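Here is what Swiss-Prot records for this protein:
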{"type": "TRANSMEM", "residues": "20-40", "note": "transmembrane segment"}
{"type": "TRANSMEM", "residues": "45-65", "note": "transmembrane segment"}
{"type": "TRANSMEM", "residues": "78-98", "note": "transmembrane segment"}
{"type": "TRANSMEM", "residues": "121-141", "note": "transmembrane segment"}
{"type": "TRANSMEM", "residues": "170-190", "note": "transmembrane segment"}
Amino acid sequence: SLVGGVLISLVCLRQTDLKALIAYSSVAHMGIVLSGLLTMTYWGLTGSYALMIAHGLCSSGLFCLANISYERMGSRSLLINKGLLNFMPTLSLWWFLLCSGNMAAPPTLNLLGEISLLNSIVSWSWITMIMLSFLSFFSAAYSLYLFAYSQHGKIYSGVYFFSVGTTREFLLLMLHWLPLNLLILKSNFCMLWIYLNSLKKMLICGVNDMKLFILDRELFS
């Protein structure tokens, strides 16, 4: 899964379609999630759960931004969606915040998930550090590639007007970004399902022990 994540990251660096790049970045992140799950450790499970929540928010926000650009430019190609800092300056901040979240920059929940996953995967085998270093580097590379190529450079010559975002779009992006950054302050919510699962197992074991105790008393009475 780590090798697959590195290969998909290389594919991301060759994409010229906004939505394809974001979709491939999701596949690359799921490579490290799968590795963490396969270690079958506590940190692996909690890190995978946290990263899936974080990437669900971050990836959804990036898809939203890609759709906003598509509605105005009429194309998803990076060859046309460039120079957006001049065309849509009000949305450039959101591109930066969500692209930095996609590369697990602090204080996003992605950072917490990746630290937990790195801990679990390296504890399973130190050789995985090689692939993890490549995966982390290329994750930052394609996130910066997405932001720099779309926001900077000369604006597409077929565009002759200036565009601003609407209140609905800003609210939608804010509701993606706020949980992504605030959940790290209360990260035990991300581990809640593990606590509930452990409590369920304890209750089942307690009920089974009680049944055995009652059965033993009936046999010896």
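Positions of Cβ are set from backbone N, Cα and C atoms, glycine also.
Beyond its flanks by at least six residues, the transmembrane segment (78-98) meets 15-18, 21, 58, 61-62, 65, 68-69, 72, 147, 149-156, 158-159, 162-165, 169-170, 173, 176-177 of its own chain at Cβ-Cβ distances under 8 Å. Listed by sequence, the residues of this chain that lie at least six past the ends of the transmembrane segment (170-190) yet keep a Cβ under 8 A from its Cβ atoms are 46, 49-50, 53-54, 57-58, 60-61, 64-65, 90, 94, 97-98, 101, 107-113.
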